[in-house]
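Over in Swiss-Prot, the protein carries these features:
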DOMAIN    3-222  domain 'Glutamine amidotransferase type-1'
ACT_SITE  C86  active site, nucleophile
ACT_SITE  H196  active site
ACT_SITE  E198  active site
Amino acid sequence: MKSAVIQLPGLNRDRDMIAALTKISGQAPVTVWQTETELPEVDLIVIPGGFSYGDYLRCGAIAARMPVMKAVAEKAAKGVLVIGVCNGFQILLEAGLLPGALMRNASLKFVCREVKLQVANANTAFTRAYAPGQIIRCPVAHHDGNFFAAPETLARIEGEGQVAFRYAEGTNPNGSINDIAGIVNGAGNVLGLMPHPENLVEAAHGGTDGRALFESVLGRAA
C-alpha cells in the first residue's frame, strides 16, 4: 500500500502516523509539505493530528486553505482514500470534504484519555476489518471535538450510513451529537475521526484495536 502523510506547521502526530503506516503496510509513507500542489500516486492520504497554525481563527481553518489541500481534494474526487485524524478531521471539515462542524468540547476543557468506540458501519473502506457493532478502545486528545451538524445534514449523515464510529458505553468525551466520533463522505472514500487509531496498533503500546482500520485500507489497496 502506497500512502502519503500531509505535513503542516503545528501538526505533531505525523511521526506516530508514519510509524503506524510503516508497521502495518511494510512500506514507509511519503511526506508531503503544505506548499505542494501535486500529490504522488498513492492509495491513501492521511492528514494527522496536532494544532495546525496554532488553531488560530478556527481549528483547521488556515490549514484547509493551503495549496496541498486543493491537491487532496482533487485526489479525493478521483476516489483515492483520505483519512483525517483529530486536527486532520477538522481540516477536512473546513475544506468542505466532509459535512458538519467540530466545536469546543462541552466541558470547555482539553480531554486526553481512552474512550470506547462502536463500529457504526462496518461496510466502509476503513472499517471492513471490524465486525458490525464491535466495541474497540481508542485514545482521544482534543479541545474541539464536539461534532455538530444542522438537522437536515445530520439526517442525511445518519440516513446514508455515513457514521463510521460512535462513542460507546457512556464515554463520549466532548458532547458530540448522536455520540458521533467519525464519519465518511457520501462517496465513502474520505474518513474523519477525532480518536487516534494510530496509537493502538501494537501490543507493546497498550493494544491493537486501531490496527483493523489500517488493515481495512490495506485490504482494499491489495
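Cβ atoms here come from the backbone N, Cα and C positions, even for glycine.
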Message = What does the structure give for the C-alpha distance between E198 (active site) and the residue listed as 'active site, nucleophile'? Integer Å is fine.
response = 11
Query = To the nearest whole angstrom, what is the C-alpha distance linking H196 (active site) and C86 (active site, nucleophile)?
reply = 7
Remark   = Three-class DSSP assignment, E198 (active site), comes back as helix
Query = Which Cβ among the active-site residues (C86, H196, E198) has the fewest C-beta neighbours inside 10 Å?
reply = H196
For the domain 'Glutamine amidotransferase type-1' (3-222), mean pLDDT (0 to 100) = 97
